[in-house]
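Presented below is the structure to which this report refers.
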Number of protein chains: 2
Amino acid sequence: MSDTRGLLIVLSGPSGVGKGTVRAAIFKNNIYNYVYSVSATTRQMRPGEVDGVDYYFTSREEFEELIEEDALLEHAEYVGNYYGTPIRAIEDNLSKGHDVFLEIEVQGAMKVRERMPDGIFIFLAPPNLNELESRITGRGTDNQEIIYERMQKAREEIDMMKHYDYVVVNDEVDCAVNKVNGIIQSEHLKVSRVVDQIKLQIHNYFQKGE
Amino acid sequence: MSDTRGLLIVLSGPSGVGKGTVRAAIFKNNIYNYVYSVSATTRQMRPGEVDGVDYYFTSREEFEELIEEDALLEHAEYVGNYYGTPIRAIEDNLSKGHDVFLEIEVQGAMKVRERMPDGIFIFLAPPNLNELESRITGRGTDNQEIIYERMQKAREEIDMMKHYDYVVVNDEVDCAVNKVNGIIQSEHLKVSRVVDQIKLQIHNYFQKGE
């Protein structure tokens with residue numbers, strides 16, 4: 001009994017929480033064969049990066065065409081470069097029954113939610129804010145004011161948690177990975193996702209006997 | 001970050017599906033420390049059974065008093081004996097933060113749902129109806145008519161699945177146990193269950209800094 005359509009899984013959370021680390025750990029083994037949603041970007045390819053694996057590298061013109069065609073689930077501009085999530089590959093994979101995994105910052109996730117409300121939205125949270133502060137501080141030699149600003153931003157981002165389905169506290173990477181996998185596998189067991197197939201089975205059984 | 005209140009978990013499904021086996025396997029290790037909800041009954045204690053562990057053994061008068069006092073979440077009569085689920089112990093354990101586990105037939109589960117709609121209702125389903133038929137046939141020397149009646153009843157019971165939250169197919173006991181545990185642990189990660197605690201944490205952090 002398997003679903004016909006895959007699930008869209010969106011992993012998000014405040015910056016500094018370790019989204020990338022958890023996502024990388026999930027895809028290291030990838031025991032459930034999730035398909036990773038590759039983003040499009042206009043930034044330069046870096047050494048070691050592969051087009052279509054790390055990103056779809058596009059020109060500014062191509063990217064603006066994608067925006068124009070409404071072919072992106074969400075997009076944003078950082079430091080003069082565009083980043084966005086192409087819908088097409090996601091839809092193709094979902095309709096083939098593959099679970100598609102998206103790792104994205106909080107604002108982007110909220111835009112995805114509007115377009116794909118059936119997705120499973122998982123918020124990765126810091127074990128506590130003191131921990132988040134020390135991670136942010138540990139990154140460099142920012143002054144107190146900048147740290148305070150970042151913490152205020154984290155507060156705002158954590159406040160977005162209420163728009164998500166699940167919260168996973170990133171206290172330990174392995175533990176967070178197990179929780180994310182557990183959520184996805186349990187979502188597949190929801191009655192609404194399997195009820196049609198079971199009805200069909202019952203129908204077939206009683207037809208056989210008649 | 002743990003819930004303040006425990007979860008009520010209701011495992012149910014058609015007769016012959018193996019609810020008792022799955023429940024026993026869960027409680028053999030009981031790694032998540034679920035509290036098993038002990039039923040009350042008026043039937044005679046059998047050798048090896050312990051009062052308060054297997055059942056609360058009560059007289060007919062005591063049981064009817066419990067019904068009178070609305071102290072049972074649900075109750076039913078089988079072969080001249082009453083069986084029922086006392087609310088009190090469940091409420092006590094939930095309020096202490098323990099997850100309470102209830103294994104019950106389909107009709108009883110639906111009555112529990114009315115009174116405790118926040119429970120997690122898990123439907124244990126047969127791998128397929130042919131399998132269920134062979135289990136029912138394997139139990140004794142029932143004639144075709146009785147088997148057909150039982151299968152019709154199973155069809156009705158499976159039709160109740162739509163009122164549940166999750167479906168776990170009992171193809172292999174260990175596999176079903178893992179799925180049930182996975183569902184319960186993921187339910188604890190739902191935003192609605194943890195949002196208040198995280199808000200409190202944020203409040204405390206920013207108070208500290210002021």
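Note: Cβ is positioned from N, Cα and C throughout, glycine not excepted.
Database features (TrEMBL):
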type: DOMAIN; residues: A:6-185; note: domain 'Guanylate kinase-like'
type: BINDING; residues: A:GLY13, A:PRO14, A:SER15, A:GLY16, A:VAL17, A:GLY18, A:LYS19, A:GLY20; note: ATP binding site
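The record gives A:GLY13, A:PRO14, A:SER15, A:GLY16, A:VAL17, A:GLY18, A:LYS19, A:GLY20 for ATP. Within 8 Å of the mean position of their Cβ atoms, the other Cβ atoms in that chain belong to A:LEU124, A:PRO126, A:ASN170. Here A:SER15 (ATP binding site) comes close to A:GLU105, A:LYS153, A:ALA154, A:GLU157: these same-chain residues lie at least six apart in sequence, with C-beta atoms under 8 angstroms from its C-beta.
In this structure, of the binding-site residues A:PRO14, A:GLY16, A:GLY20, the smallest number of CB atoms within 10 A of the CB marks A:GLY20. Around the Cβ of A:GLY13 (ATP binding site), a 10 Å sphere holds 28 further Cβ atoms from the protein chains shown.
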